[in-house]
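K.L.:
Swiss-Prot lists His134, His136, Lys217, Asp360 with the feature Ni(2+) 1 binding site. Annotated Ni(2+) 2 binding site per Swiss-Prot: Lys217, His246, His272, in sequence order, evidence recorded as sequence analysis. Taken from Swiss-Prot, the feature N6-carboxylysine applies to Lys217. Taken from Swiss-Prot, the feature substrate binding site covers His219, and the record attributes it to sequence analysis. Per Swiss-Prot, the feature active site, proton donor maps to His320.
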Amino acid sequence: MAKISRQAYADMFGPTVGDRVRLADTALMLEVEQDLTTYGEEVKFGGGKVIRDGMGQSQALSKDCVDAVITNALILDHWGIVKADIGIKHGRIVGIGKAGNPDVQPNVDIVIGAGTEAIAGEGKIITAGAIDTHVHFICPQQVEEALCAGTTTFIGGGTGPVAGSTATTVTPGIWNMHRMLEAADELPINVGLFGKGTVSNPDAIREQIANGAMGLKIHEDWGATPAAIDTCMTVADEMDVQVAIHSDTLNEGGFYEATTKAIGDRVIHVFHTEGAGGGHAPDVIKSVGEPNIIPASTNPTMPYTINTVDEHLDMLMVCHHLDPAIAEDVAFAESRIRRETIAAEDILHDLGAISVMSSDSQAMGRVAEVAMRTWQCAHKMKLQRGPLEGDSELSDNTRLKRYVAKYTINPAITHGISHEVGSIEKGKLADIVLWDPAFFGVKPALVLKGGLAVYAPMGDINGAIPTPQPVHYRPMYAATGKARAATSMTFLPKAAIEAGITEKLKLTHLIGEVKGCRNIRKKDMIHNSYTPVIELDSQTYVVKADGMALVCEPLAELPMAQRYFLF
């Protein structure tokens, strides 16, 4: 039997079982757990390669073969770290296994034919597109920035650069909801909009859901009182949508205990659980210990560095329409920024106690840094806490699965869309990000939206080949023409779909139904369901989880940072 060295094999077909890959310039190491391809029968496209007529390409008609195949992909997902070919048909993932020509090759479960496009996955790491659940729709240009960083789903609210939207992720009322759904229909990204949940009249909430709100947002800037919380939660249970909350920093309507009493045993998604982004000061972080609360972070506090605290005060003043000349406004801002809880946040992520990562785009967060900040935190925690149980210095698979779940499958489960997006699994929309390992988490090599290229780095358009400088991200065909609608999805609640909102507004996006939001718990958060007893010293702000003090130092230098953005 002919043999090939492990290095030569990796160079040709990508790493296989037992091989390890460093992620960007971090201390994180990935180890391949399983290889679903067949040694000696690998498919690869190119001159003198396998995917040719009668060899790796069969005679199958389009109905019997995939529309695209990603060959020799190294998948990093919550369910595993696996080498496989990925088959895509009609914009969805239909196979994860061995691609090729079943007439001449064994073990083929993904058929390549004349109707199949080839996407080279050799040497690439594949992740699902990120789902950002805390998007302030302040400007449409956010979409380009996010797609170029691997985010393919926006959930949030807003109507543009106006005071209400720069502070709160809310698209309020029927008229605003309709206009934003129409605007989103032109965007090459999946979209779900929050209605205003801060109202004590249940009919004012019902009408927003019936007109397209896939979730509800309670925000202190509109008022986060116990009465409004109870009303919102009651209607959410009735109509099966999720509720997100930015609770009462000033403790005006009640303290933390009043909010949790109003919530009761009903599920809710708590934003920026650490507190710098807002919420009961200083103890909103206690919500990490509630079994019915799905806690999330926003990326400006992640991870804790020597600059984190200094940049937050100015950010907060701008985002919440505060006046630095008013002492009470300054005191409000300062009450939210605590070194101790920011430090604890990193450790809570590493323990799997905070389940979701998001951006808080242009409203104290950076829309293109969801994945990057997540992996920077994972790196920091490996340096400061060592390998997790089951990991080693040379393999961080447990940690990698935990962290990738925070911005893929867990936000999808939280908002009732995990049947459509959130992982590399059969049946789901083919929102897929390909990364060169050296640029993992920072700059994708290719972003697929519904199985078609949507953004990619591209060189001189008048060049003889695609690679000459200057290379920068450019929109591709899934961002163009009618393909935008055919490859992206708008998420709507059942009530809006039954009310005919799609037809009334003439929406052309694919439509995904939000469902199963109200019967979930924190225990359903994959790799991130730890629910410790949280104690907070109200004088020192030191946080304890199950009696363990959560203390760590800020980093002075991060990976995935300046060296990647020199040009």
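From the backbone N, Cα and C atoms, a Cβ is placed for every residue, glycine too.
Tell me what's around each of these sites.
P.N.:
A sphere of 10 angstroms centred on the C-beta of His136 (Ni(2+) 1 binding site) encloses 27 other C-beta atoms.
Using a 10 Å Cβ-Cβ cutoff, Lys217 (Ni(2+) 1 binding site) registers 28 neighbours.
Taken residue by residue with DSSP, Lys217 (Ni(2+) 1 binding site) is part of a strand.
A sphere of 10 angstroms centred on the C-beta of His219 (substrate binding site) encloses 24 other C-beta atoms.
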K.L.:
To see if you understand the setup: which same-chain residues, six or more apart in sequence, place their Cβ under 8 Å from that of His246 (Ni(2+) 2 binding site)?
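P.N.:
Once residues fewer than 6 apart are set aside, His246 (Ni(2+) 2 binding site) is near Thr168, Lys217, Ile218, His219, Glu220, Asp221, Ala224, Phe271, His272, Gly277, Gly278, Gly279.
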K.L.:
Suppose the Ni(2+) 2 site is Lys217, His246, His272. Which further residues of the same chain have a Cβ inside 8 angstroms of that site's Cβ centroid?
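P.N.:
What remains near the Cβ centre is His134, Thr168, Thr169, Ile218, His219, Ala244, Ile245, Ser247, Val270, Phe271, Gly277, Gly278, Gly279.
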K.L.:
Comparing the binding-site residues His134, His272, which residue's C-beta has the most other C-beta atoms within 10 angstroms in this structure?
P.N.:
His134
K.L.:
What same-chain residues, at least 6 away in sequence, bring their CB to under 8 Å of the CB of Asp360 (Ni(2+) 1 binding site)?
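P.N.:
Asp360 (Ni(2+) 1 binding site) has long-range Cβ partners His134, His136, Phe271, His272, Gly277, Thr298, Asn299, Pro300.
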K.L.:
I want the residues beyond His134, His136, Lys217, Asp360 whose C-beta is within 8 angstroms of the mean position of the Ni(2+) 1 site's C-beta atoms, in chain order.
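P.N.:
Everything else in range on the chain: Val135, Gly156, Gly157, Thr168, Thr169, Ala244, His246, Phe271, Thr298, Ser358, Ser359, Ser361, Ala363, Gly365.
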